Amino acid sequence: MNALVVAPVALPLVAAAVLLLAPRSVLLARALGIGTTGLVVVAAAVLLARTLTGEVPVVQVGGWPAGIAVVLALDAFGALLLLLTSAVTVLGLVYAIGTGEDRERTFTSLVLVMSAGVSGALSTADLFNLFVFVEVVLIPSYVLLTLAGRRQRIAGARLYVSVNLLASTLFLAGVGLLYGITGTVQLGELAGAATASTPAALAAALVLLAMGVKSAVVPLHSWLPGSYSVAGPAVTVLFSGLLTKVGLYALFRLYSVLFDGDRRFLWVLLALAVLTMVVGVLSAVGAKAVRPVLTAHMVSQIGYVLVGLGLSTVAGLGAATFFLVQYVLVKAALFMVGGAVEVRYGTDVLARLGGGLVHRERWLAVAFAGSALALVGIPPTSGFVAKLQLATAAAADGPWWVLVAVVAVSAVTLVSMLKLWNGVFWGEPSALPAPPRGPAATLVGPPLLLAAVALVLGIWAEPLLAASTIAGQQLADPSAWVAAVTR
Amino acid sequence: MSAAVAVGVLVAGGAYLVLQRGLLRVVLGFVLLGHAIVVLVLAAGGDGRGFPLPGNGAGAPADPLPQAFVLTAVVIAFAVTVYLLGLLRAGSTEPGPDDDDARGPG
């Protein structure tokens, strides 16, 4: 039964290879892509159900003895994120049918390889394999960014590839130094290594710095708006759901295991978290098109998630997990709405759209309104529960300025969501030429579904709250995970 | 000691090139930085234990793990470098800049 841990890595890779070898057929690509990632969702759900009982499924790949084998293991935090990323991948692939991006020959294969890399990064217990899996995620993303390359996209891709190459170089240097100091890269054997010696702490800090670049923590964030807002609509949805989340996962996992949640450095994380929230939300105020506003908010939401890591209490880590899950869903929905407007009207610049689309695009407006409210944190949406949890945890254990930032940044978020609502949907009927046909179901269905999930998670939050609390407990005390991967 | 100096020189040169204008220099800078990391990881594995060749008689063989790391990293860095060069070529054949200023900052 433990072999199921391998499935989310192996299945998409096999499917991607089959797709590349098979004769070109859009229908086959759609069926195989959605079918495979659907299977991964099922596997992730089964694994999550098992990890919630406190069990940690482990596989020593190839049957090698511990210490030599490549170890894949999942705890509640990893399994929850695995379920989340695979669900976003399925919806992203459905949405790509609507935007027409999956007509590109290699699109589905690249997305499958990317999702295999994400699953691997979420389940590996080895620092060097984490590096390899992160590269497996990044390399398809380089190509996806430049599909149907316009000049603007090439410029964005140059920035994106360069920054990520630099971050990977840093990461590898950190891994090499840690190996030199401790003689191992197995995360289980490295548990607490950074608290034991200063050189190890410095090497581990280098690894965290590299992951900070990949998850766009201010002041290492400036590559993100430049590259995400030039990608295709479905590609942006997939990037927002998968890429920076791997970086965030690694930050949580590595700080929890290597530093054992060391309280001496928490003020650094809290200061970075607040800086990320504030800078992100303020840069959204100046943006004049839908996707740049949304990517700027992505930075600010990453700050919210980091607040939980900066608190490093059971409540804080649990709240961060809940926040991360709901924010990925909500953000994907918002990007889908923005992309759908762009696909149907040829632009997402607010001044050119001029508002008034609510009269034509009723369902897109509903999806936008629902997910925008959830992003701001208005009850009864999931964002309210998430921010309430985070604010409660910050009030209990954090300094006062964290709580102030959590509330104030939400208010500014509301301002820019209102700007988007007024600029795209509200007002007199739009003067833009109407597209000949109504929007395809694949274009409107996924964001509507996600907005509905945001509402459900707000009203019936108990299951996810329980799961994220268990994840928080396991992150605060990773001994079960460490024992499982070193066995 | 020689490894440390080599890493220092390579990182200095790489950092200088990465900070230059022009993507080609940046790419070359990344090549240097990649080499620096290769030397770093190999040195971290310990270079005092002889070469990993049978029968060279210098005691225990060298640690194979850093060499495996480096091999993997070199392949990945090579692939990404070639891709960056591809982007350089793709960007240079297009007409002049037409940045969409209407989308605003960020």
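Glycine is treated like the rest: Cβ placed from N, Cα and C.
With a threshold of 8 Å between CB atoms, the same-chain residues lying at least 6 positions outside the transmembrane segment (A:26-49) that come near it are 4-5, 7-8, 11-12, 15, 18-19, 57, 74, 76, 79-80, 82-83, 86-87, 89-90, 93-94, 97, 102-103, 107-109, 111-112, 115, 119, 467. The transmembrane segment annotation in TrEMBL covers A:26-49 (among others).
Residues or ranges marked as transmembrane segment in TrEMBL: A:80-98 (among others). Tertiary proximity for the transmembrane segment (A:80-98) is limited to same-chain residues at least six positions away from its ends with a CB under 8 Å from its CB atoms, namely 8, 30, 33-34, 37-38, 40-41, 44-45, 47-48, 74, 107-108, 111, 115, 118-119, 122-123, 233-234, 237-238, 241-242, 245, 249, 321, 324-325, 328-329, 332, 336, 339-340, 343, 439-447, 449-450, 467-468, 471.
Under the heading domain 'NADH:quinone oxidoreductase/Mrp antiporter transmembrane', TrEMBL lists A:126-410.
Marked as transmembrane segment by TrEMBL: A:128-147 (among others). Long-range contacts of the transmembrane segment (A:128-147) within its own chain (CB-CB distance under 8 A, at least 6 residues past either end) are made by residues 70, 101, 104, 106-107, 110-111, 113-114, 116-118, 120-121, 153-154, 156-157, 160-161, 164, 168, 171-172, 175, 185, 214, 227, 230-232, 235, 238-239, 242-243, 246, 250.
The annotation transmembrane segment is assigned in TrEMBL to A:159-181 (among others).
Summarising the annotation, TrEMBL assigns transmembrane segment to A:230-252 (among others).
Positions annotated as transmembrane segment by TrEMBL: A:264-290 (among others). Below 8 angstroms of C-beta separation, residues 212, 216-219, 221, 225, 229, 255, 296-304, 306-307, 309-312, 338, 341-342, 347-351, 398-399, 401-402, 405-406, 409, 412-413, 415-416, 420, 423-424 of the same chain, each at least six residues beyond the ends of the transmembrane segment (A:264-290), sit close to that stretch.
Sequence annotations record features per position, and here TrEMBL assigns transmembrane segment to A:302-329 (among others). Listed by sequence, the residues of this chain that lie at least six past the ends of the transmembrane segment (A:302-329) yet keep a Cβ under 8 A from its Cβ atoms are 77, 80-81, 84-85, 88, 215-218, 221, 240-241, 244-245, 248, 251-252, 255-256, 261, 263, 266-267, 269-270, 272-278, 280, 374-375, 382-383, 385-387, 389-390, 392-394, 396-398, 402, 406, 409, 450, 453-454, 457, 461, 464-465, 467-473, 475-476.
What TrEMBL records for A:363-386 (among others) is transmembrane segment.
Away from its own ends, the transmembrane segment (A:398-421) comes close to residues 270, 273-274, 277-278, 281-282, 284-285, 287, 290, 293, 296-297, 300, 303-304, 307, 310-311, 316, 350, 368-369, 372-373, 375-378, 387, 390-391 of its chain (Cβ-Cβ under 8 Å, at least six residues beyond either end). Feature annotation from TrEMBL assigns transmembrane segment to A:398-421 (among others).
The transmembrane segment annotation in TrEMBL covers A:441-461 (among others).
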Same-chain residues near the transmembrane segment (A:230-252), Cβ under 8 Å, at least 6 residues beyond its ends: 77-78, 81, 84-85, 88-89, 91-93, 95-96, 99, 101-102, 111, 114-115, 117-118, 121-122, 130, 134, 137-138, 141, 144-145, 147-148, 150, 152-153, 155-157, 208, 211-216, 224, 291, 295, 298, 302, 305-306, 309, 317, 320, 324, 328, 331-332, 335-336, 338-340, 342-343, 475
